[in-house]
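Student: Take this structure first; my questions come after.
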Amino acid sequence: MWLYLAVFVGLYYLLHWYRERQVLSHLRDKYVFITGCDSGFGKLLARQLDARGLRVLAACLTEKGAEQLRGQTSDRLETVTLDVTKTESVAAAAQWVKECVRDKGLWGLVNNAGISLPTAPNELLTKQDFVTILDVNLLGVIDVTLSLLPLVRRARGRVVNVSSVMGRVSLFGGGYCISKYGVEAFSDSLRRELSYFGVKVAMIEPGYFKTAVTSKERFLKSFLEIWDRSSPEVKEAYGEKFVADYKKSAEQMEQKCTQDLSLVTNCMEHALIACHPRTRYSAGWDAKLLYLPMSYMPTFLVDAIMYWVSPSPAKAL
């Protein structure tokens, strides 16, 4: 009996391995639009897909970022400046994409643009702090997607949304985790709706990687600005030791960040060119072995773990 079971399991994984490695043909005819290509995942993915031969349409926030990217890629790659928080900028970029792809449609849309700041305990933040992140990470994703869906549907293509392990388990305050939970929900509903048209939707859920989003210097600068503007009552409740512990946790976070960004961009590439893409991709060992399992744990257990490892306020009970 155990032999039959072992054979069955072996055949299952062999079939899974084979399906995972089937790649689409005619990649050179397929257009992919990527947001957030100034640096990090977006920039590396644009270079990676360009080397693969795909027609990359790269959106950068700044002209400087676009110029740098063009200098590192082939003449086939084209760039456009895009601020995902401004509807008029999104509309202009969508029109540009439409002119580029013409009747072929848009094979791939990668919503990669994102920010992580301001981040701090919720009580220290304002409504505008939440809006700042949600405008980019969630509403920007929605605006870009809705503007380009007709082109993706025409090509029966792919939508790839960059979420995070923090879209599976919320470990700190501020708009970042909220925005990623929103991306997960938007992607789930979008996947079901677009399945009728042959369009596939995938989510990338990276762990901690060394990018501008996880920059210790930016994180600490933002946090100290938030702390300085906080009310005396809040400062008294949290205390200076909390600030010191928060700084220390930021430094530890940066040390734990994975530097190999290709672990994420390879997932993005697979979602775009595989015959059988996954629905979700957990990128990084911390995502696979720590945060993803945490998302399935009982809530009380996750709360207990976070209570134990997080900085403690001065007036904690």
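Cβ atoms here come from the backbone N, Cα and C positions, even for glycine.
Pulled these features from Swiss-Prot for this protein:
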- 33-57: NAD(+) binding site (BINDING)
- SER164: substrate binding site (BINDING)
- TYR176: active site, proton acceptor (ACT_SITE)
- 289-309: transmembrane segment (TRANSMEM)
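Show me how these features fit into the shown structure, please.
Tutor: Within the same chain, residues at least 6 positions away in sequence whose Cβ sits under 8 Å from that of LEU45 (NAD(+) binding site) are ILE34, CYS37, VAL110, ASN112, THR265, MET268, GLU269.
Under DSSP, SER164 (substrate binding site) is assigned to coil, being neither helix nor strand in the three-state scheme.
Taking Cβ-Cβ distances under 8 Å and a sequence separation of 6 or more, the neighbours of TYR176 (active site, proton acceptor) in its chain are SER116, THR119, ILE133, ASN137, SER164, MET166.
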Student: Would you mind listing the long-range same-chain contacts of the transmembrane segment (289-309), meaning Cβ under 8 Å and 6+ residues beyond its ends?
Tutor: 165-166, 168-169, 171, 205, 207, 282
Student: Counting Cβ atoms within 10 Å of each candidate's own Cβ, which of the binding-site residues CYS37, LEU49, LEU57 comes out highest?
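Tutor: Of CYS37, LEU49, LEU57, the one with the most crowded Cβ is CYS37.
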Student: Looking only at Cβ atoms, how many others are within 10 Å of the one on PHE33 (NAD(+) binding site)?
Tutor: 30
Student: Tell me whether CYS37 (NAD(+) binding site) sits in a helix, a strand or coil according to DSSP.
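Tutor: Looking at the DSSP assignment, CYS37 (NAD(+) binding site) belongs to neither helix nor strand, so coil.
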Student: Quick one: give me the count of other CB atoms within 10 A of the CB of GLY53 (NAD(+) binding site).
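Tutor: 14, counting other Cβ atoms within 10 Å of GLY53 (NAD(+) binding site).
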